[in-house]
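Straight from TrEMBL, the features:
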- 1-83: domain 'Peptidase M12A' (DOMAIN)
- 22, 26, 32: Zn(2+) binding site (BINDING)
- 23: active site (ACT_SITE)
């Protein structure tokens, strides 16, 4: 049995270290910081409810390991993002 996770990176991923680390975070199983169940206590999301990149993860499916909300996380989208 083979295990692995292919990572396909375009040239744009190498322009910014944060973008590269963000994508590797997904490979490791991390979700976007702004999708955490507690995000509404920290940020206001004005995106269509159908946009999967902004839907909150259910509390039963998320473990925060006692880590508080991190505005500076590499997994957090920028303040203004085009959707």
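In case you wondered, yes, glycine gets a Cβ from its N, Cα and C as well.
Note: the Cα of residue 32 (Zn(2+) binding site) and the Cα of residue 23 (active site) are spaced 10 Å from each other. Minimal Cβ crowding within 10 Å, among the binding-site residues 22, 26, 32, is found at 26. Neighbours of residue 23 (active site), defined as other CB atoms within 10 A of its CB across all chains, total 15. Under the three-state DSSP scheme, residue 32 (Zn(2+) binding site) falls in the coil class. Annotated Zn(2+) site 22, 26, 32; additional same-chain residues within 8 Å of its Cβ mean position, judged by their own Cβ, are 23, 25, 30, 31, 74, 75. Residue counts of the domain 'Peptidase M12A' (1-83) by helix, strand and coil are 27 helix, 0 strand, 56 coil (DSSP-based).
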